[in-house]
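Listed features, source Swiss-Prot:
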{"type": "BINDING", "residues": "Lys15, Phe63, Arg91, Thr97, Arg111, Asn121", "note": "ATP binding site"}
{"type": "ACT_SITE", "residues": "His124", "note": "active site, pros-phosphohistidine intermediate"}
Amino acid sequence: MRCVKALQLTLAVIKPDAMAHPLILEALHQKILENFIIIRKKDLIWRKADSEMFYAEHSGRFFFQRLVEFMSSGPMRAYILAREDAITHWRTMMGPTKVFRARFSSPETLRGKYGLTDTRNTTHGSDSIESAKREISFFFPEFSAEEWMMREEPHFRLGHTEYNEESQIHTVKHT
């Protein structure tokens, strides 16, 4: 993937409902692979406290407790993805948050195809540059977006990458 503009990073999360189904998980990974450069990937299980911290901005909302319980109910997968306009592209691929709406207005989206309910809607994605920075730091505290942009982004933008099947991420191709 060769790009003219600087690459943008975003966070993508595959939620526990999709992780529970290997065929759905594989389909989601393939869609991501077809559309993005995968910078980092991590499988994890949250404690309830992790979920409460991540979704703190929704504390007090009617869905907060249900969301917290669900996100700590099983494994999930987090990705750092890169491409031009990565945030917008991932959000478009996900489709509307409300699964009922996604099924009728955007059936080709990930939530339209695989979502079950508004909480069990298969995916999460950052909605702005600021939230992407914050969310990437939450899931990948060891990752420095600034350092990556300075040292690695030019190589990725120019297409000097290779996909590692074992780790399921892209790396800089050393020639």
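Each Cβ is built from the backbone N, Cα and C atoms, and glycine gets one as well.
Positions of the features from Swiss-Prot, shown on the structure.
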residue : record           : DSSP (3 states)
Lys15   : ATP binding site : coil
Phe63   : ATP binding site : coil
Arg91   : ATP binding site : helix
Thr97   : ATP binding site : coil
Arg111  : ATP binding site : helix
Asn121  : ATP binding site : coil
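Annotated pair Phe63 (ATP binding site) and His124 (active site, pros-phosphohistidine intermediate), C-alpha to C-alpha distance, rounded: 15 Å.
For Phe63 (ATP binding site), other Cβ atoms within 10 Å of its Cβ number 12. Counting only residues at least six positions away in the same chain, the Cβ atoms of Arg111, Asp118, Asn121 sit under 8 Å from the Cβ of Thr97 (ATP binding site). In this structure the residues listed as binding ATP are Lys15, Phe63, Arg91, Thr97, Arg111, Asn121; their two most distant Cα atoms lie 21 Å apart. Each residue contributes its Cα atom, and for Lys15 (ATP binding site) and the residue listed as 'active site, pros-phosphohistidine intermediate' those atoms are 7 Å apart. Cβ neighbour density within 10 Å is lowest for Arg91 among the binding-site residues Lys15, Arg91, Arg111. Between the CA atoms of His124 (active site, pros-phosphohistidine intermediate) and Arg91 (ATP binding site) there is a gap of 8 Å, rounded to the nearest whole number. Each of the recorded positions Asn121, His124 was scored by other CB atoms within 10 A of its CB, and the lowest score goes to His124.
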